[in-house]
Amino acid sequence: MTRTLRRAGWTPLVLSVLLLVGCTSGSGLIGVPSPGPGGPSGPPPLPSSDAGLADHVPQQIVIGVQPNTDIHRIATSVGGTVTREIKELRSVTVRFPQPTSIVDNIRKLQAMAGVRYAEPNYLYQLFGTPNDPFFSSKQWGPQEIGAPSAWDITKGSPNAVVAVLDSALDGTHPEFSGKVLTGNNCEGGPTTAVAHGTHVAGIAAALGNNGIGIAGVNWNAGILPIQVCNTSGACANSDIACGIIFGATFATLNSVRVVENLSLGGPGYAQQIKDAVDFALQSGVLVIASSGNDGKSTVLFPAGYPGVMAVGASTPANGRATFSTYGPHLSVIAPGVDIYSTIPGASYTLMSGTSMAAPHVAGVAALILALSPGLTPTQVRSQIERTATHLGSSAFDPQFGWGLVNAAAALGALAPNNYGQVQITVQDTLGLVGGADVVLWVGTASCLGLTQEVQTAQTSFGPPPTTAPPLGVASFNAVPVGSYCATASTTTEMGTTAAPLAVAAGTLTTATVTISP
Amino acid sequence: MCSLLPHMRASNVVFLIAGLCLAPAVAGPAAHTGDQGVRIELRLNKPAYTATEPVEIMLMLSNPTSTAATFQFPTGQMFDFLVTRQGKLIWQWSYGRAFTQAFTRLTLSPGESRVFNERWDQRDVQGRYVPAGEYEMLAVFPTDVGLVPRAGADGPQVRFQIVN
């Protein structure tokens with residue numbers, strides 16, 4: 001891993017004597033930035049006391065002098081002892097035998113003739129490397145997705161929560177200290193903690209830099225445990241729907257942002273879960289799911305629902321893991337082979353699967369929300385997709401989706417939202433029609449010869465829940481930018497939009513379909 | 001049995017009674033197959049059920065060998081049960097379920113058994129109670145990556161009846 005050094009605790013500065021060009025002799029103005037706009041950055045102004053200094057070695061000062069200046073005399077004059085001299089730079093490191101004010105001594109030195117600069121012996125840290133002992137020896141996932149660079153921007157926030165919809169997890173694990181929220185047991189069975197849910201939670205949000213174990217992708221995120229699977233890893237659809245709703249309601253009631261991670265999947269499309277996902281999106285909750293482990297181009301669910309981010313698994317060589325399900329519905333990939341993370345009993349182990357990939361992305365999504373809590377779920381999704389490291393094709397590739405999730409880039413400049421919303425109103429001669437099946441198709445001229453189905457929904461019978469569309473309206477919450485046609489049908493009537501609809505990023509597009517026998 | 005007793009030796013009667021006492025509580029149809037020397041046995045609690053009566057299913061994995069047997073599954077799903085009638089799929093246990101998407105390992109030590117108990121409520125995949133008739137139950141052990149359990153796959157299979 002390439003390491004980048006930065007001054008601990010300060011905003012970025014130009015480093016060291018090598019960059020101080022054209023400094024005046026003995027002026028003692030080193031440390032005071034040049035006046036005027038647009039000047040080169042330099043050392044910061046001295047604070048009034050040592051408390052305002054960035055991390056530095058105590059009782060030490062670094063002095064640089066002009067040519068033909070007796071540097072040792074200068075060091076002695078302030079009561080210091082030279083511990084290191086770099087003749088090529090005409091500088092020494094001076095140590096004071098007793099605690100003394102670094103700032104005061106610097107000011108004295110700066111006033112002396114022949115002194116080019118005097119500064120604390122600052123401490124630099126490796127760029128975002130946590131002190132968790134297994135980070136470098138056992139983990140590769142956070143490093144591969146650029147998490148260390150991301151941590152220099154944000155390490156997350158307790159107000160951007162990762163909800164783990166899974167088996168029961170071990171909330172007493174030391175890596176989750178202080179961050180496990182009160183969740184819900186939708187599955188209804190014993191709350192015996194097992195490896196899977198604990199492992200997934202650790203990948204996303206294990207405490208980082210706490211001197212033990214691993215570093216999660218998101219160090220400060222709260223963990224909301226929602227039990228939707230039994231101890232064997234079987235998860236009933238109705239329990240999953242319960243869990244999705246709970247996470248969405250939690251977000252609303254507690255005024256926090258929630259990212260839901262579902263490291264589970266099955267072949268069956270369930271309308272109840274689709275409706276729950278739509279409810280979550282309307283509540284500002286992003287839903288992320290594993291694409292599946294069948295190694296084929298198969299749509300499993302919940303990954304296959306349009307509003308859900310489907311995450312496949314990558315290898316340490318940035319390839320698609322052979323077991324990772326892929327296809328046009330894939331969003332991104334993330335590390336999913338031999339992932340080291342938490343298990344019950346304050347322990348750790350390796351596990352593999354798209355179960356391990358999804359929480360990497362959930363952790364990143366929560367980092368984005370920690371930085372920009374006002375983003376909508378589709379904006380967060382777009383940000384992750386648009387900033388992913390492209391693999392295979394230059395843009396979207398069904399094997400890799402938009403590419404390998406890139407945590408650092410995802411925290412950079414906001415990319416354009418890739419998604420809009422569509423609402424289709426269905427009516428017949430009697431009025432608005434609830435319960436009609438609506439299909440969005442890839443648009444064609446005059447909406448004739450439709451062959452590529454994109455998304456499906458049903459028109460609402462009207463609220464409740466309060467987030468349900470009005471009577472006769474079908475809502476599509478995450479439609480990729482493009483051109484579409486819509487058809488609507490009941491058992492006795494059908495109709496089509498007369499012309500394609502253009503879906504633009506971040507906007508709501510509406511249309512009406514009139515159905516007839 | 002009463003007509004047999006006068007004609008049996010006392011010792012045989014003892015063995016017969018002992019055998020009946022030791023008969024498994026789950027006394028319905030049973031079948032078994034094997035994998036890596038492990039016996040995979042499917043057993044139902046009854047050969048015939050009345051309408052809507054729950055069908056109790058037991059799948060037992062037994063390792064009679066002297067070495068450990070390990071199976072790896074691509075997900076949290078370690079088995080499936082399929083009910084068919086005249087070759088048509090009526091119900092599948094995994095239907096309506098999702099599974100954790102991490103590779104899962106099951107190890108049976110020498111002499112160790114593992115039992116899975118499930119239940120079928122006699123509803124088909126549409127949620128409707130099934131009619132009376134002859135049915136088959138197939139147990140599938142999905143250890144292959146990408147295997148989608150389906151009728152006709154290898155595994156122990158039993159027949160049972162639903163009566164009016």
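Residue 1 is the first one shown; counting continues down the chain.
Note: Cβ is positioned from N, Cα and C throughout, glycine not excepted.
The region 'Disordered' annotation in TrEMBL covers A:31-53.
Annotation comment: TrEMBL describes A:34-47 as compositional bias 'Pro residues'.
Residues or ranges marked as domain 'Fervidolysin-like N-terminal prodomain' by TrEMBL: A:50-121.
The feature domain 'Peptidase S8/S53' is assigned by TrEMBL to A:159-403.
Here TrEMBL flags A:D166 (among others) as active site, charge relay system. Around A:D166 (active site, charge relay system), the same-chain residues six or more apart in sequence whose CB sits under 8 Å from its CB are A:H196, A:G197, A:V200, A:A201, A:P225, A:I226, A:Q227, A:V228, A:C229, A:N261, A:L262, A:S263, A:L264, listed in sequence order. Under the DSSP three-state reduction, A:D166 (active site, charge relay system) is assigned to strand.
A helical conformation is recorded for A:H196 (active site, charge relay system) in the three-state DSSP classification. Residues or ranges marked as active site, charge relay system in TrEMBL: A:H196 (among others).
Look at TrEMBL and you will find A:S355 (among others) tagged as active site, charge relay system. Remark: A:S355 (active site, charge relay system) has A:H196, A:H199, A:V200, A:S263, A:L264, A:S290, A:G336 as non-local neighbours, by Cβ distance under 8 Å and separation of at least 6 in sequence.
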For A:H196 (active site, charge relay system), list the number of other Cβ atoms lying within 10 Å of its Cβ atom.
29
For the domain 'Peptidase S8/S53' (A:159-403), what's the mean pLDDT in this predicted model?
96
